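Before any comments, here is the structure.
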Amino acid sequence: MQTTFRRILILFVGLLVPLFFACQSNSQVDAAPSAAPQLSASPAKLDPLPYDYAALEPYIDAQTMRLHHDKHHATYVNNINETLKAYPDLQKQSVDSLIQNLNQVPEAIRTKIRNNGGGHVNHTMFWQIMAPKAGGTPTGAVAKAIDQTFGSFDAFKQQFNKAGADRFGSGWAWLVSDRQGKLSITSTANQDNPLMSNPNAYPILGNDVWEHAYYLKYQNRRAEYLTNWWNVVNWQAVNQRYAQAQRK
């Protein structure tokens, strides 16, 4: 009798243990954070491209993508870490926070944080709002907002391309949103980000018009690069950023 009872008890415990660990596993999944953190400054890190170097062919060539990400973007990240070595308090902040509060950054390193922090934030967004087999017309809330603001997608593209073409030297063309969802087009020099000068101008789309972004394929034909770039815009990612802008 005791032997039978012992066997039943062992069988019962054997059934309960896997169930217990399964419940623990599920609770851990449910507790996982859903929001992506801002870019860390302790240390700053270069994430891999979300697609292959050749994935944006024929509009952006693989060699340009490799050099742009692995050399140019990597240099911005390395420079941030080198600059902040002597500033442990600043390492506790995100790179996003540093570039939006440049007046609080020590003057001795302010320009370096502006240039390299901006370069890191700008390029991180740039890789995310492009994708293979993307392009086409906008979708979702962004499509409606573009039509309401600019009249049509074609009119918007014309104004955006002009902002990129007219930017003398190096810089960026941007589509920004305020917290109410109002859109506007702007451009910045060098690696400046719109949030550096206007905390209510959240970038949801940006095109890099530095020569390193296009010169290997397009040489001095920036206008052609600007036109072809629309074939790789990831409108799903742009819509996500548009929603984020209104939650700021």
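Using the three backbone atoms N, Cα and C, a Cβ is placed for every residue, glycine included.
Swiss-Prot has this to say about the protein:
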BINDING   His68, His123, Asp208, His212  Mn(2+) binding site
SIGNAL    1-41  signal peptide
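Annotation note: Asp208 (Mn(2+) binding site) sits in a strand segment as assigned by DSSP. Each of the binding-site residues His68, His123, His212 was scored by other CB atoms within 10 A of its CB, and the lowest score goes to His212.
Within 10 Å of the C-beta atom of Asp208 (Mn(2+) binding site) sit 23 other C-beta atoms, taking all shown protein chains into account. Within 8 Å of the Cβ centroid of the Mn(2+) site, not counting the listed residues His68, His123, Asp208, His212, the chain contributes His69, His72, His73, Phe126, Trp210, Ala213. According to its DSSP assignment, His123 (Mn(2+) binding site) is helical. Under DSSP, His68 (Mn(2+) binding site) is assigned to a helix (H, G or I) in the three-state scheme.
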